[in-house]
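The structure under discussion appears below in the form of structure tokens.
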Amino acid sequence: MSDIADRVKKIVVDHLGVEPEKVTPNANFIDDLGADSLDTVELVMAFEEEFNVEIPDDAAETIQTVGDAIKFLEKNAG
Amino acid sequence: MFDLSGRKALVTGATGGLGGAIARALHRQGAHVAVSGTRREALEALAGELGERVHILEANLSDPVAVEALVPAAEAALGGLDVLVNNAGITRDNLFLRMKDEEWDSVIAVNLTAAFRLSRAAVKGMMKRRYGRIINVGSVVGATGNAGQGNYAAAKAGLVGLTKALAAEVASRKITVNCIAPGFITSPMTDVLNDKQREGILATVPMGRLGEGAEIAAAAVYLASDEAAYVTGHTLHVNGGMAMF
């Protein structure tokens, strides 16, 4: 796993309090990891802070799985 | 009880009668207070009176750019933001049939839209810190209506809906959102009433007197306090009994 993937995974585990094994690229934040819509906003805020990147609202809406987040950040983060 | 030591508060409309009283009261309980308003001199006078733990943030809330900048400025000055008091308000009274679009728009912009945008900005940091108090200053006329104040009453009623919706969204993050609805309070807004108008108003107030700014401020102190942690989405009417809900 890439460095970015590890950092994303850590944020998701910390924020949602889920088992690390469950945080797979295909895991959907809401359907699989028990996030509510406010959690997804907070996750995006946490990604922005960790990777020092701005995630616009329309991009944030497309980030629904762990893999979506990793892909977006690999493309856009420093 | 009601100790606000170390809490960081932003009060809009702090040069008005109510805003000044609220800023003083929060400060007296130990809070660091950022006072915002349009009149620099009045802000400086208030800050001079309070002494330490005060920051002046001049802002005209009818200017969207100034609204966007205010919460970041407060967070920078205070080192965070725990309490947001959306108190700024203006009146542009007119009979409904004669009300100009501009009178409607300007009152909605300052009294409702600015509160929305300031709350949206403030909630971000509050969610991260898992603590926050948002206090919207409404009005009894938001619940009762008032002839000649269609714009003002609509904005103040809008604040009540905003309060409830936001309260439901952020309660799980330990942020409370409440509204204070003052009745007739001694302030520059009511000083312009003539004796006959004043008598007419007092006849509708069981307490038989106007309220004092400090009596609204006490409600703000309560809602800002740790003790009010389980109160959210509420509208606290402080009106001497003129309308009971």
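Residue positions begin at 1 at the first shown residue.
Every residue gets a Cβ built from N, Cα and C, even glycine.
Here's what TrEMBL has on this protein:
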type     : residues                                                                     : note
ACT_SITE : B:Tyr152                                                                     : active site, proton acceptor
BINDING  : B:Thr38, B:Asn87, B:Tyr152, B:Ala153, B:Ala154, B:Ala155, B:Lys156, B:Ile185 : NADP(+) binding site
DOMAIN   : B:7-188                                                                      : domain 'Ketoreductase'
B:Asn87 (NADP(+) binding site), Cβ-centred 10 Å count of other Cβ atoms over all protein chains shown, is 26
Which ones in the same chain are close to B:Ala154 (NADP(+) binding site), with CB under 8 Å and 6+ residues apart in sequence?
B:Ile108, B:Leu112
For B:Lys156 (NADP(+) binding site), the three-state DSSP class is helix
Provide the number of Cβ atoms within 10 Å of the Cβ of B:Lys156 (NADP(+) binding site), excluding the reference atom itself.
27
Nearest to B:Tyr152 (active site, proton acceptor) by C-alpha distance, among the binding-site residues B:Thr38, B:Asn87, B:Ile185, is B:Asn87
